[in-house]
Amino acid sequence: MGQCCTGGGKAVAGDEAEPGTSKAAPPSRGTSSKNGSAKQQPCSPAAKAAATEAAAAASSSKKPAGPIGEVLERPMEEVRTTYSIGKELGRGQFGVTHLCTHKATGEKLACKTIAKRKLANKEDVDDVRREVQIMHHLSGQPNIVDLRGAYEDKHNVHLVMELCAGGELFDRIIARGHYTERAAAALLRAIVGIVHTCHSMGVIHRDLKPENFLLLSKGDDAPLKATDFGLSVFFKEGEVFRDIVGSAYYIAPEVLKRKYGPEADIWSIGVMLYIFLAGVPPFWAESENAIFAAILRGQIDLASEPWPKISSGAKDLVRKMLNINPKERLTAFQVLNHPWIKEDGDAPDVPLDNVVLNRLKQFRAMNQFKKAALRIIAGCLSEEEIKGLKEMFKNIDKDNSGTITLEELKNGLAKQGTKFSDNEIEQLMEAADADGNGIIDYEEFVTATVHMNKMDREEHLYTAFQYFDKDNSGYITKEELEQALKEQGLYDANEIKDVITDADSNNDGRIDYSEFVAMMRKGSGCAEATNPKKKRRDLVL
């Protein structure tokens, strides 16, 4: 993500609000007064945002107005007139973030540049416009990244905002080496406070995750800042939204059902709390569809390690935030008043198990590398391999029902000579059964078995390794990893060192093929056959 998040993409695009309910109100432009400020319209948060934006535009330049930009709908202006653009800080689906310096004051800021050519349709344009409106609307709140200005030229939109030089939340937790429940409660208190502010100001974030919370500086007391409002929306009481947006682990069940409101943000924070305390997400799987199926089931594990060592108050809050019924879920205000989260509350000041930190580090640092490698492997599968899996499905589906039961799967895999333990087959079944109906249809089977197959095939792993090993030296260096992740749109400057360190078992500063294979197979069922609950805990996604 870098110093300033660069925006996420929608998993599935749909109508913003339920037909028959009001959509997020279009902003009403303020009427400019003589001094260039704008009169605020009292009707909506969007109007306030638009008025602030209009005022900024009116006062930003005294030169003749340029042509009107199609995204921000105001005169285009060159950002480099005011700022010097420096090194790259991060990269996302729609944009790149650079360090920038205000030419007059020397202040260091972050400039998020969004290429207009990547805004493929009106919805994408509306998203960027709304992001600017929302950030202006939330401007001045102490724990939200401050937008200093928005600029549009012929090719790009530039958002200039506070520079959060302290890095991501995960990085701070890991760097400290240990933390207590009380520290986790303080962290959650800050996050929920931010969301309470957003909700009270008529904004749903819709993409809450640890990566979207940054620290303003490297100081121990640096304030936490929420960022990346690219998926956020204005909302009114009772308004229902239907488009599926967000990041897989953190999406609320009602979002997947296309009928949700601000309660979805509380679910996402509940997932974050679970990760802060246990080091792994509560709902995991080998594919996005399987993650969604687990979320819809809503069964959270509060029995396996390290949960027996965690206080009853923490577990009570997790349950109430991850209540599958949004109407019964706590509000942000209620979370802030829970005994565990209060400043002088019940959270014990006892260090959490070190394994939690290790898991946090794995989940944070290895995610993008493994994701990139899996993408490469999936792309190198031949038609012949896919055809073989189709035939395998037919052979396992003995009653020709078009679906496979657990018993059919066990018998069929054994006859195919595939060496999986019962625990591994049950894991495969659960991961493959995306709709949670207890059986696997053809599409579910192919998706799941392609993954298990490719993890067990040396040639696929080697193909992926070669993709990263750009100079064919037999090693993946830091520079090669950076290049490959940039090509995949997964680059994060902050995590490269952690990725190398975690995979580099012989500590020579680079990753050889055996280390790459070990990293890829860790937690996949190929490296070790263990208790399924333990395997779940050690899985690196």
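The backbone N, Cα and C atoms fix where each Cβ goes, glycine too.
Pulled from Swiss-Prot, these are the features on record:
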BINDING   ASP433, ASP435, ASN437, GLU444  Ca(2+) 2 binding site
BINDING   ASP469, ASP471, SER473, TYR475, GLU480  Ca(2+) 3 binding site
BINDING   ASP504, ASN506, ASP508, ARG510, GLU515  Ca(2+) 4 binding site
COMPBIAS  1-11  compositional bias 'Gly residues'
DOMAIN    83-341  domain 'Protein kinase'
DOMAIN    384-419  domain 'EF-hand 1'
DOMAIN    420-455  domain 'EF-hand 2'
DOMAIN    456-491  domain 'EF-hand 3'
DOMAIN    493-526  domain 'EF-hand 4'
REGION    347-377  region 'Autoinhibitory domain'
Sequence-distant neighbours of TYR475 (Ca(2+) 3 binding site) in its chain (C-beta under 8 A, six or more apart): ASP469, ARG510, ILE511, ASP512
Beyond the site residues ASP469, ASP471, SER473, TYR475, GLU480: chain residues whose C-beta lies within 8 Å of the centroid, for Ca(2+) 3: PHE468, LYS470, ASN472, GLY474, ILE476, THR477, ARG510
Cβ neighbours of ASP504 (Ca(2+) 4 binding site) where a neighbour is any other Cβ within 10 Å: 17
Cβ neighbours within the same chain of ASN437 (Ca(2+) 2 binding site) - under 8 Å, at least six residues apart: none
Tally of residues which DSSP labels helix, strand or coil - the domain 'EF-hand 3' (456-491): 21 helix, 2 strand, 13 coil
Additional residues around Ca(2+) 4, ordered along the sequence, whose Cβ is within 8 Å of the centroid of ASP504, ASN506, ASP508, ARG510, GLU515: TYR475, ILE500, ALA503, SER505, ASN507, GLY509, ILE511, ASP512
Counts of helix, strand and coil residues, the domain 'EF-hand 4' (493-526), according to DSSP: 17 helix, 2 strand, 15 coil
Local Cβ density at GLU515 (Ca(2+) 4 binding site) - other Cβ atoms counted within 10 Å: 20
Candidate with sparsest Cβ neighbourhood (10 Å radius) among ASP508, ARG510, the listed binding-site residues: ASP508
Which same-chain residues, if any, lie at least 6 apart from GLU480 (Ca(2+) 3 binding site) yet have Cβ under 8 Å of it: PHE468, ASP469, LYS470, ASP471
Rounded distance in angstrom between the Cα atoms of GLU515 (Ca(2+) 4 binding site) and SER473 (Ca(2+) 3 binding site): 15
Collapsed DSSP category at ASN437 (Ca(2+) 2 binding site): coil
CB contacts for ASP469 (Ca(2+) 3 binding site) [other CB atoms within 10 A, all chains]: 22
